[in-house]
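TrEMBL has this to say about the protein:
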type	residues	note
COMPBIAS	33-46	compositional bias 'Basic and acidic residues'
REGION	1-53	region 'Disordered'
TRANSMEM	386-408	transmembrane segment
TRANSMEM	415-435	transmembrane segment
TRANSMEM	441-462	transmembrane segment
TRANSMEM	474-495	transmembrane segment
TRANSMEM	507-530	transmembrane segment
TRANSMEM	564-584	transmembrane segment
TRANSMEM	884-903	transmembrane segment
TRANSMEM	910-931	transmembrane segment
TRANSMEM	937-961	transmembrane segment
TRANSMEM	982-1001	transmembrane segment
TRANSMEM	1021-1040	transmembrane segment
Amino acid sequence: MGSREGSNDRGGPWCETLETTRQTAGCRRAARERRGDRDVDDERVSLEGSPRSLGTSPLVNLPRWSLRNPVTAGTTIASLVMLGAISVPKLPLAFLPEVSFPQLEIQIPYPDALPAQVEEQITRPAEEALATLSKVRKINSWSAPTGATIDMEFDWGQDIAPLRVEAREKLERIRDQLPVDVDRIVVNSFRSSDIPVLECRIAADRDLSRDYELLNRHVADPLRRVPGVAKVDLYGVEPPQVRIDFRLADLQSHGLDADQILTRLDASSRSVSAGVLRQKDEAWPLRVVNQFGSLEEFKRFPITPDGLRLEDVATVALAEPELDYGSHLDRGRAIGLNVVKESGANTVAVAKRAQAVLRDLERDPMLRGIRVITFTDQAEQIENSLAGLLQAGIVGAILATLLLFFFLRRLSTTLVVAGAIPLSLLAAAAVLYFGGRTLNILSMMGLMLATGMLVDNAVVVLESIHRLSGSREVLPAVISSTATSIIVFLPLVLGGRTEITTWIGEIGRTIIFTLIASLFLSLTVIPLAMGRLLDVGMGKPAQLLVRMAATHQRMLAWTLRHRPAAAGIAFGLFVLAIVMFLPVDKSTFTATKVEAVQLRYEFSDNVNYREAERYVNRVEEWIQPRQDSLHVKSTYSYFGNNEAMTRAYLANGWADDEGARKVRKTLREGLPELPGLTLHLEDNEGSSESARLAVRLYGEAGPRMDQLAEEVQRRLARVDGLTDVVVGGERGREEVEVVVDRERAMQYGLTTAAVGGSVAEFFRGRSLARFRGPEGEVEVQARLADEDRQSLDRLRAMPLAPQGGRGSVPLAAVADFRTVRTPAAVERQQRHSIVSVRGNYDSKKAGEVRARVRAVMDGMSFPTGSSWSFGQGFEEEDATQKEMLVNLLLALALVYLVMAALFESLLHPFAIMFALPFAFVGIAATCFLTASPFNLMAQIGLLILIGIVVNNGIVLVHHIHQLRERGMPRTEAILAAASHRLRPILMTTMCTVLGMLPLAIGGNHVGDVLYYPLARTVMGGLVASTLLTLLLVPCLYTLLEDSANLVARVWQGGARG
């Protein structure tokens, strides 16, 4: 049909078209009733050609099958409902789906060491060995006074188990390159089930750091016996050990060196396998037992030929080690307690059983005065999320049901259509259960999002049956609409695995299961109910709907007559949307719950953990009386040598980005200044990777790198919009260097290595063979007594045994001493040393702040070998944005292909696809008017929109094709199709919008993720696209067709010429 037809045909009034359709449908129904035939004759309304017929597809035959086999159909549906009802109470509840993270963490303990020494002797050799593992993406390492930690990241989808074994083997091969006193190497992998189900603090009026046996027996052991508990960890308290504390004065008086004593002691405490003793026909394994049986044997151990014993120069005792760290909970000393469940165990059940055990502990007389406070309870989080979703789902379902009744005007019909919601959810629950999956915060989110879309198919099928007494007319459109809603998730579910696709794919699977169930039920329950079971149908439309239909017909007719003007108005709306979208917060990772604001302590001088605790007390004393005004419900502090932090947990209603920003501002302005202390406000975790903005500086660790970092800090502190700018990590610490004079050492037959080993054994200590006592195996630790390790004079007087002689010489005789400042820790990424400078900023100004920071950094001159980059936070955000963009483009392509197959046309799908950009009008307006961020959740909402926005267009254009196939002129077909599809389009759109309305309230969240940006994005985009679909899609449909005809005529004319 050419453009001339579109200009001449005006179409009949909407009421006449509707009345004609009703009369035709009524005649067909009356004829069937006279014959006594109640079956729906789907063949009479099937069409061949364009749009494409689905022939004898099983889905197409479902309505006929359900009507011809009502008992079988009814029992099938009842079976699905029964399976769902059985599955729901048995479905395992978990916080996250069972996922193996593609990471390995290697810990190599080396206590009381210098970070530079750890880096050189442990971290670098380990990195070189591990770098040869296959498919390693990143290697990050930290060298600290406690040892080395190396994190390795691999591609998602990698089997971590063999990589863990390979990593352990490679590290064992280089053991001879590591210091001899490196005791153990720990290689850890992580699964989502390793996240503790309970995180608690044990508090009392007294210090519990020396009560390991009490807490282990009366708290940890009962929890370990709970079914489903994998392990229970205590932090801040250590098991007792045999402590051998040498007394410096006694060693000096006897002229002894601790190294000689410990070598003999260690050799005398190890059993040796000595082969096999063969006697006649028997073979006896031979073992030389050489272990200590009691503390008295330790004390009486001879250390010299003249009868001097170990107890004459050392104190030997079984006692808890003195810790050099501690923690506070609401100003009281606290011990950490974590409970981890077994893989596959029901999170809620395990956490509840563990909580019951904790409540029973209150009756234990041994624990009088001790209280256990739960900080994180996954069961509570899951149940709260589930309760919130259930409430939102019930409210949304009620609103959708009321809306359906408003449109359908008959209670029985409304209940049949609304029943698609619980039936589809039950079917999806059955698939989750029998598929071995869990009900977690992501699958809950999928069910929540699907709830608003479940009545779409039922409404369209019902409308078609009511109007034409048949469902086959709309089956291709219904199936294609469901396919587009499903297909947008295929790149996430079936594509390459990344972190984003892993988490969003869980949401997508649940939506797919639910929508497939909805399609099946719509094609069976609705025809069965209308044809066999109930007297259902539609009542007389409300006058409001009649007026809306008449208004829509007039507007559509005007649009078709003034297509350039309509296109201009649409373009103007799109430009306005771009203007409104400019100030919207577009940060990827915003609108999440922020549990706490963290204070990091930076000390100007070296402080031990007791002095650090005094600083913590001063800060806590200031916060405690102001907790209500600060909106802080609790405080938790950690302190150690030269380090401390305080975490202020935010009250309900303030645990988000905006609340945290206000609390930080109040703390920044109000906290008192303490001599020797600088307080830095940071994000919840306080690491350089979790900060809102981090700048990495690459180069060789040392004074020059520290000076560069301080210069970067000074410049970034002047950047508008950037606050709390700090250099990552702790300040460099002063350390004492013992410089051995080789010539003086040679005079006494000593080497530098021997001197260093003796100093290390005196001050860091030495682990000996484990001692098996009445309570089981315990560690044996030998070192200089605490009081003899407290001053430089004691270090100078430390005795060394000269080779081949008697007596001892003081350390000062062979070494000099000096004080230097060294890094408190050395951080490396990809085997390069880095220092991070980080700060906070208003997420709404992310782009501006990032541009200013880049300008500052690009304007600096860096020394040779040094460079900079943004931190991992921005890297992850950029990668996520690119990944989401690729998935969106793939979703668009797949949706287009589905529609092209439906319409047997490459052109007509573009008319529907043009509704997608105009969904942006609604998204921009919603984000602008409600101050909602366009974050990752909103982008997921956009992905969902791609699948459902085109549904209305498919139903409309599909019906236009059908009417034109019957010989109706184009303009009349457009007006008639718009009239016929107005009510189902409005019903499905408004049901989806109302279903998501409870979720659009800002406080709703699943876990730590606030999902109102997603709900608002879907609602705004769907409303705008629906309005534009009803007016602009027909206009674009004619424009595209006329343009194609024009091109064809020009092409044919050129060919003839």
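Heads up, the Cβ atoms here are built off N, Cα and C, so glycines get one too.
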Under 8 Å, at least three CB pairs between the transmembrane segment (386-408) and the transmembrane segment (884-903) (pairs 6 or more apart)? no
Cβ pairs under 8 Å between the transmembrane segment (937-961) and the transmembrane segment (415-435), at least three: no
Per the Cβ under 8 Å criterion, with at least 6 residues separating them from its ends, the transmembrane segment (884-903) contacts 50-52, 476-477, 480, 483-484, 487-488, 490-492, 495, 500-501, 909, 912-913, 916, 936, 939, 942-943, 946-947, 950, 954, 957-958, 961
Does the transmembrane segment (441-462) make contact with the transmembrane segment (982-1001) through 3 or more Cβ pairs under 8 Å, each pair 6 or more apart in sequence? yes
Should anything in the same chain at least six residues away from the transmembrane segment (910-931) have a Cβ under 8 Å from its Cβ atoms, list it; otherwise answer none. 570, 573-574, 576-578, 580-581, 583-584, 892, 895-896, 899, 938, 942, 945-946, 949-950, 952-954, 957, 1013, 1016-1017, 1019-1025, 1028-1029, 1032-1033, 1036-1037, 1040
Go through 415-435, 507-530, 982-1001, 1021-1040 and flag the stretch with the largest number of C-beta pairs under 8 Å relative to the transmembrane segment (564-584). 1021-1040
Between 415-435, 507-530, 1021-1040, who has the most Cβ pairs under 8 Å to the transmembrane segment (982-1001)? 1021-1040
Other parts of the chain folded back onto the transmembrane segment (507-530), taken as Cβ under 8 Å at six or more residues beyond its ends: 40, 59, 62-63, 65-67, 70, 73-74, 76-77, 80, 416-417, 419-420, 423-425, 427-428, 431-432, 437, 442-443, 445-447, 449-450, 453-454, 456-458, 460-462, 465-466, 471, 475, 478-479, 482, 485-486, 488-489, 492-493, 536-537, 940, 944
